[in-house]
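Trainee: My questions all concern the structure below.
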There are 4 protein chains.
Amino acid sequence: MRVSGDVKKVVLAYSGGLDTSIILKWLQTTYGCEVVAFTADLGQGEELEPARKKAELLGCREIFVEDLREEFVRDFVFPMMRANALYEGVYLLGTSIARPLIAKRQIEIARATGADAVAHGATGKGNDQVRFELSYYALEPEIRVIAPWREWTFKSRTDLIDFAEKNQIPVAKDKRGEAPFSVDANLLHSSSEGKVLEDPAEEPPAYVFQRTLSPEEAPDQATVIEIGFEHGDAVSIDGVRLSPATLLAKLNELGKANGIGRLDLVENRFVGMKSRGVYETPGGTILHVAHRAMESITLDRGAAHLKDELMPRYAELIYNGFWFSPEREMLQALIDKSQGAVTGGVRLKLYKGNVIVIGRESPNSLYSTKIVTFEDDAGAYDQKDAQGFIKLNALRLRLLAARNKGLDR
Amino acid sequence: MRVSGDVKKVVLAYSGGLDTSIILKWLQTTYGCEVVAFTADLGQGEELEPARKKAELLGCREIFVEDLREEFVRDFVFPMMRANALYEGVYLLGTSIARPLIAKRQIEIARATGADAVAHGATGKGNDQVRFELSYYALEPEIRVIAPWREWTFKSRTDLIDFAEKNQIPVAKDKRGEAPFSVDANLLHSSSEGKVLEDPAEEPPAYVFQRTLSPEEAPDQATVIEIGFEHGDAVSIDGVRLSPATLLAKLNELGKANGIGRLDLVENRFVGMKSRGVYETPGGTILHVAHRAMESITLDRGAAHLKDELMPRYAELIYNGFWFSPEREMLQALIDKSQGAVTGGVRLKLYKGNVIVIGRESPNSLYSTKIVTFEDDAGAYDQKDAQGFIKLNALRLRLLAARNKGLDR
Amino acid sequence: MRVSGDVKKVVLAYSGGLDTSIILKWLQTTYGCEVVAFTADLGQGEELEPARKKAELLGCREIFVEDLREEFVRDFVFPMMRANALYEGVYLLGTSIARPLIAKRQIEIARATGADAVAHGATGKGNDQVRFELSYYALEPEIRVIAPWREWTFKSRTDLIDFAEKNQIPVAKDKRGEAPFSVDANLLHSSSEGKVLEDPAEEPPAYVFQRTLSPEEAPDQATVIEIGFEHGDAVSIDGVRLSPATLLAKLNELGKANGIGRLDLVENRFVGMKSRGVYETPGGTILHVAHRAMESITLDRGAAHLKDELMPRYAELIYNGFWFSPEREMLQALIDKSQGAVTGGVRLKLYKGNVIVIGRESPNSLYSTKIVTFEDDAGAYDQKDAQGFIKLNALRLRLLAARNKGLDR
Amino acid sequence: MRVSGDVKKVVLAYSGGLDTSIILKWLQTTYGCEVVAFTADLGQGEELEPARKKAELLGCREIFVEDLREEFVRDFVFPMMRANALYEGVYLLGTSIARPLIAKRQIEIARATGADAVAHGATGKGNDQVRFELSYYALEPEIRVIAPWREWTFKSRTDLIDFAEKNQIPVAKDKRGEAPFSVDANLLHSSSEGKVLEDPAEEPPAYVFQRTLSPEEAPDQATVIEIGFEHGDAVSIDGVRLSPATLLAKLNELGKANGIGRLDLVENRFVGMKSRGVYETPGGTILHVAHRAMESITLDRGAAHLKDELMPRYAELIYNGFWFSPEREMLQALIDKSQGAVTGGVRLKLYKGNVIVIGRESPNSLYSTKIVTFEDDAGAYDQKDAQGFIKLNALRLRLLAARNKGLDR
């Protein structure tokens with residue numbers, strides 16, 4: 001297992017923005033290597049063709065611009081949604097879940113183009129560097145990884161801008177100063193961090209939110225929708241069958257309009273520090289609530305509680321960048337095993353930030369009115385059974401109490 | 001460990017309502033025993049003196065009417081809040097947490113009055129019978145437990161009303177028919193179940209909600225509050241120090257007015273069936289969000305994640321009635337150990353069903369702007385460290401990948 | 001979901017012994033029903049043809065005598081071994097794992113013969129009744145279950161013998177009194193319980209052990225063997241490929257001769273009491289040690305630790321009778337997912353009760369001498385990486401300490 | 001939180017051996033700093049006064065030689081034993097548990113002597129560097145940590161020996177070549193690693209074992225002992241009360257003589273590689289078995305199973321070096337909470353590698369012969385209760401089966 005020191009060709013996760021353009025040029029000048037630019041459409045809501053042109057201008061001969069939205073939702077977002085994954089009780093992992101897909105494509109492109117290295121634009125303080133690099137290594141153990149932000153000697157924004165200008169990288173006027181916060185976006189969420197958000201005692205300024213209306217701005221009238229599920233995955237809205245990415249996009253619209261999915265969080269990064277993030281996950285928030293409701297009538301208690309107990313671990317693995325790890329895959333096998341009958345429909349009321357379940361139905365429902373009813377159940381459930389159930393559940397506690405009281409036992 | 005067959009005196013958890021009045025009389029006539037009536041104020045919002053009078057009329061010579069609100073919140077609700085307990089991801093356990101306290105007082109009263117039995121008014125299908133009885137047995141292993149709903153031979157509401165009338169129990173007109181749903185209430189929550197709620201595909205009718213305005217009815221203006229915490233427990237609102245029960249009552253008002261804390265849930269009962277409940281937990285919902293936010297800056301990641309992983313188990317124990325069990329107490333010891341520094345203040349915006357964190361501050365904050373900053377950190381964090389961190393976290397994944405690819409390793 | 005009250009035909013788990021013969025007759029006389037006798041060879045080491053004859057004599061018209069040894073080991077013992085399952089840290093679950101298979105065949109036979117009920121010979125205090133009945137219900141929710149030991153009115157051994165004699169059931173002389181202990185046996189283990197073993201302060205008398213030599217009696221010379229594994233299952237001994245049951249039988253011989261696999265345990269039954277059991281699991285003990293050793297070089301740490309953390313839960317499920325439950329199946333999916341590369345050979349020294357690993361080899365080994373070596377590793381591992389690894393793992397602890405000391409942070 | 005670059009005085013964990021003598025001198029020459037030598041007696045079985053003299057010769061003015069055996073066993077080994085901690089199912093963590101104590105004393109000595117740095121002799125590939133350094137940082141977040149093995153430029157054993165000779169460090173003849181394996185020892189165990197042990201397919205040569213007889217060499221006669229426990233800790237052997245360290249030393253003698261406590265293991269290091277270790281833990285192995293047996297009659301099932309489920313996590317924390325972490329302390333609080341009644345005596349037979357439980361007794365026993373007995377229990381347990389217990393445990397499985405079969409439910 002050897003990693004070569006020399007770099008001949010590197011596949012860069014390239015957004016087309018100023019920072020990754022600087023990285024692109026820096027890789028060329030520092031390593032004297034060829035750079036393959038890879039730009040993925042994960043639903044971040046930007047035109048990608050300009051990125052292609054910019055990469056051409058910067059001298060790339062191999063450029064990959066790919067629409068990965070369906071793969072992203074189908075193979076990454078949906079499996080995670082099956083787990084009801086929440087990091088630290090609340091965060092829907094919108095950034096975390098995108099990194100392994102980008103990394104995977106970089107590795108595939110490296111193989112296809114004969115590149116011997118990969119590079120990304122994540123800084124040395126965050127989680128994303130970890131997520132990218134663990135994914136690279138897990139897929140291609142001998143790959144050379146370049147993390148420019150950890151390597152270069154630029155000390156300030158000014159240094160970067162200087163480098164850009166010296167290298168004919170166009171710098172938009174509004175990029176000269178430092179951005180008031182930093183953003184990541186994809187079909188599942190937008191995240192904002194840094195600068196104006198650095199004091200967790202201060203409310204985020206309104207201009208930070210880009211993806212959702214505030215609850216206050218949302219309409220006074222609720223929107224009612226029905227999401228259809230098959231085997232744990234959402235497949236339709238209001239009876240209209242939609243592909244994974246189309247469905248999530250539609251939920252994003254609905255969530256945005258109704259002020260749904262904002263989160264202001266102080267979280268624990270894998271690298272050991274606390275950070276403050278503002279997240280907007282409109283469609284994902286709706287999906288999360290709907291999936292739990294769908295499971296509530298179709299999953300057995302044993303299955304549901306086991307999932308709940310393992311969920312924090314699963315979410316932590318994704319957050320920390322271990323998507324491509326045996327333990328994540330083992331947990332996924334466990335989760336997927338439970339989803340066969342998670343089929344049916346959930347009706348929701350979306351209203352000013354609230355996602356309210358107002359109905360769930362399934363051909364596979366385990367809810368039995370006959371048994372639960374307050375009315376005569378015609379013998380479906382024998383209340384006498386409860387006595388034995390309680391008596392034997394109590395037995396060990398009674399022995400313990402007798403012991404503690406010094407009673408005969 | 002013997003439980004006597006004969007019953008001389010029984011302590012009944014007596015609400016003063018029709019059902020427990022029938023039970024009171026039924027105990028007297030069936031067992032020929034004396035009944036000690038015990039009525040607790042847990043904040044259910046009813047006058048209790050009428051219960052005392054009714055018990056007198058029904059022939060009780062020993063009557064206990066007690067205000068347990070402070071004990072309830074301080075020793076039961078708050079310890080549970082320290083755990084961020086949610087059953088099945090969403091339910092704040094409002095009914096579950098009240099039962100052990102009632103049971104404990106029943107046992108104490110049995111000891112004080114020389115009673116040899118205890119009785120409750122829970123039915124044979126629900127969780128409450130389990131919660132009462134496991135608590136009784138855990139505290140007094142030789143106590144005789146009577147569960148009238150499982151024992152008597154009444155077949156219908158009509159039978160019960162007949163018995164009431166034959167025994168001079170006053171029956172209010174509106175109690176003759178069956179209630180459209182069944183209610184339990186205390187300072188933490190109100191729950192509604194049964195009848196009109198039995199179809200989980202149907203939205204609960206508006207009249208089911210008794211404790212909260214709907215988000216739609218709530219004011220168009222947000223309310224901003226600050227909750228102060230000390231060692232994991234809420235101690236003040238907007239700088240005003242309040243006792244536990246007073247604080248929760250105040251949060252209930254705030255939550256009610258802002259449409260906060262409604263939950264419509266299909267849950268898994270310990271006795272093996274699914275049931276549908278509608279819960280209103282206005283103050284508890286605010287408290288839950290605030291406590292998590294307080295922990296977000298004061299708890300270390302290791303502590304926080306361990307708590308998150310054990311929370312579902314802890315919540316399940318409370319839901320299933322195992323408050324007085326060694327394992328709940330062990331988990332509580334673990335949780336309480338973590339709360340020493342959970343002190344500070346959380347600012348919240350309450351708006352039409354939303355509880356939005358807009359600030360958290362603590363003298364014990366672990367959030368370090370110096371380290372997390374996007375700006376120059378003056379060496380507080382060495383980005384180069386991340387490389388080694390990632391390399392060693394990746395090592396096992398690389399060895400695995402090398403193995404799976406048949407590479408030398 | 002209805003269970004009929006009437007019983008027309010019942011499938012009895014019939015051993016051919018006195019107790020189940022009495023049950024057979026009792027079922028016929030009490031329910032006036034036909035009894036289908038089902039006798040399984042799970043490797044208990046008894047002739048089964050006598051059971052067939054006895055059943056015929058007792059009037060059974062449908063008799064099933066089946067050799068289930070291969071299915072038992074392949075589909076029950078081996079999957080459990082993949083999990084390294086130990087109940088309460090030490091018990092290899094030899095009785096627990098056999099019950100679901102017997103129950104499954106009873107249900108299949110009930111379907112084939114049109115029987116409407118099943119019955120077993122387990123008493124009302126033990127775990128086996130739970131294991132049988134949970135399995136029955138999980139496979140056939142409307143089946144009628146008869147548990148004679150909980151139903152009949154016999155008060156003593158004498159009553160049973162009287163019933164036997166009145167019903168022409170032959171009673172061997174040595175069965176007239178009560179056995180000094182009770183035994184269950186199959187290919188995986190023998191268990192002994194009760195009577196002479198009831199005082200956990202007393203050493204079991206030597207005559208209790210039937211399946212193994214004592215370490216003292218075992219030869220002074222060690223036996224060295226090599227077990228071959230494929231995908232987590234043992235497939236060969238000393239290079240000779242063996243079927244699952246044949247392999248386990250061979251290991252039983254080896255274990256017996258070398259005094260391996262005795263366990264004297266006080267355990268916690270699912271029904272709430274502690275009991276004392278003496279177990280002999282000669283081959284299973286060897287297999288358990290070998291499987292762990294095989295995993296030690298072929299499983300990644302993440303996979304291995306996740307398995308270790310979930311193992312107690314998995315073992316508890318099997319012990320409690322939840323083999324046929326969604327949660328056991330989900331855990332099995334997780335476990336099986338990890339076993340693909342658990343292939344290779346483990347060399348063991350068997351000596352007077354000890355199972356000593358003396359070598360493990362695998363084409364899939366993750367052990368890398370190159371990396372671990374104390375000698376020059378030619379750059380395979382960069383010791384400098386450890387610094388960053390430690391620094392970032394320490395970061396949260398340092399922030400915590402700084403906080404606790406009131407230092408600037 | 002600042003770590004100074006300059007080093008004025010460093011506290012070195014000094015064994016008196018060649019390697020740490022070289023480190024001592026290297027620190028003096030490289031950093032031009034004063035070195036405080038700290039040598040701890042943790043029961044490694046070596047004279048410590050020679051270390052003091054050597055440190056004096058090497059120019060140390062502050063030398064600490066301390067007997068920490070009682071603290072080691074009482075505050076580190078015993079708390080860990082309460083948890084029944086085993087890493088990867090088998091390893092008793094003998095090295096891991098010693099590091100935090102050494103680190104803690106180094107920090108205390110640094111404070112007392114005004115030192116600004118600490119140093120250790122662990123290499124860059126192992127776990128010990130992590131354990132030392134995480135402990136240092138957790139106790140003193142601004143301490144400067146020096147890890148000579150990761151810093152210096154010596155390439156080979158020869159380089160080291162050259163440096164020693166140039167610096168008047170005496171080099172014993174047998175230390176000139178490389179040792180055939182590397183050893184760590186303390187009162188709990190001895191570990192051996194490296195060189196002759198690097199091939200996990202090869203049995204360890206007999207000369208590796210230094211602390212125990214082999215089972216073959218052990219006497220043909222068993223030794224029977226009784227260990228007394230109070231609140232989870234061993235306090236006596238055969239009725240003779242002993243201090244923690246004295247008791248463990250006595251068990252070591254007994255274990256050694258009877259061939260107990262050898263382990264040959266391939267384990268997963270925290271730094272990401274697999275390594276092979278040979279461990280001898282004679283007394284600890286006996287203690288582990290005895291403690292489990294003591295718990296088997298004094299711990300409730302709920303407590304015992306919760307401990308079992310959390311044990312792998314607890315063991316992993318200790319192995320990885322997180323003794324001084326909130327999560328280990330939280331788990332310890334949970335564990336300690338369970339040990340109040342773990343009092344009594346366990347009788348063991350020690351025989352050629354085997355530790356066989358032959359009796360357990362406790363004034364706090366939860367084992368109830370009355371309830372478990374096969375004989376008439378005079379009504380202590382009502383077998384009829386089992387039916388209700390099973391029926392309600394089965395209910396969800398029946399509903400599931402009915403659903404899966406398309407039956408009415």
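Using N, Cα and C of the backbone, Cβ positions are placed for all residues, glycine too.
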Trainee: Please state which member of D:Ala40, D:Ala85, D:Ala110, D:Ala138 TrEMBL lists alongside D:Ala13, D:Tyr14, D:Ser15, D:Gly16, D:Gly17, D:Leu18, D:Asp19, D:Thr20, D:Ser21, D:Gly121 for binding ATP.
Mentor: D:Ala40
Trainee: For D:Glu267 (L-citrulline binding site), list the number of other Cβ atoms lying within 10 Å of its Cβ atom.
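Mentor: For D:Glu267 (L-citrulline binding site), the 10 Å Cβ neighbour count is 20.
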Trainee: Which residues of the same chain, at least 6 positions away in sequence, have a Cβ lying under 8 Å from the Cβ of D:Ser182 (L-citrulline binding site)?
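Mentor: Sequence-distant Cβ neighbours: D:Ser192, D:Glu193, D:Gly194, D:Lys195.
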Trainee: Let me check the 10 A CB neighbour count of D:Tyr91 (L-citrulline binding site). How many other CB atoms are there?
Mentor: 21
Trainee: Nearest to D:Gly17 (ATP binding site) by Cα, among D:Tyr91, D:Asn127, D:Arg131, D:Ser191, D:Glu267 (binding-site residues)?
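Mentor: Comparing Cα positions, the candidate nearest D:Gly17 (ATP binding site) turns out to be D:Ser191.
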Trainee: Compile a sequence-ordered list of residues in the same chain as D:Ala13 (ATP binding site), six or more apart from it, whose Cβ lies below 8 A from its Cβ; state 'none' when nothing qualifies.
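Mentor: For D:Ala13 (ATP binding site), the qualifying residues are D:Thr20, D:Phe38, D:Ala40, D:Ile102, D:Ala103, D:Gln106, D:Val118, D:Ala119, D:His120, D:Gly121, D:Phe132.
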Trainee: Provide, as an integer number of angstrom, the distance between the C-alpha atoms of D:Tyr279 (L-citrulline binding site) and D:Ser21 (ATP binding site).
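Mentor: So the Cα of D:Ser21 (ATP binding site) lies 26 Å away from that of D:Tyr279 (L-citrulline binding site).
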Trainee: Which of these binding-site residues has the least crowded Cβ, counting other Cβ atoms within 10 Å: D:Asp19, D:Asp128?
Mentor: D:Asp19
Trainee: Would you count the other CB atoms within 10 A of the CB of D:Thr123 (L-aspartate binding site), including those on all shown protein chains?
Mentor: 17
Trainee: Taking the residues D:Tyr91, D:Ser96, D:Asn127, D:Arg131, D:Ser182, D:Ser191, D:Glu267, D:Tyr279, which the record names as binding L-citrulline, find the longest CA to CA distance and state it in Å to the nearest whole number.
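Mentor: Largest Cα to Cα distance for the L-citrulline-binding set is 18 Å.
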Trainee: If you measure every Cα to Cα pair among D:Ala13, D:Tyr14, D:Ser15, D:Gly16, D:Gly17, D:Leu18, D:Asp19, D:Thr20, D:Ser21, D:Ala40, D:Gly121, the residues listed for ATP, what is the largest value in Å?
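Mentor: Greatest Cα-Cα span of the listed binding residues: 16 Å.
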Trainee: How many other Cβ atoms are found within 10 Å of the Cβ atom of D:Tyr279 (L-citrulline binding site), counting all protein chains shown?
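Mentor: A count of 26.
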Trainee: Fewest other CB within 10 angstroms, which one of the binding-site residues D:Gly17, D:Gly121?
Mentor: D:Gly17
Trainee: Using only C-alpha positions, which one of D:Ser15, D:Asp19, D:Ser21, D:Thr123, D:Asp128 is spatially nearest D:Ser96 (L-citrulline binding site)? These are the binding-site residues in the record.
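Mentor: Of all the candidates listed, D:Asp128 is nearest in space.
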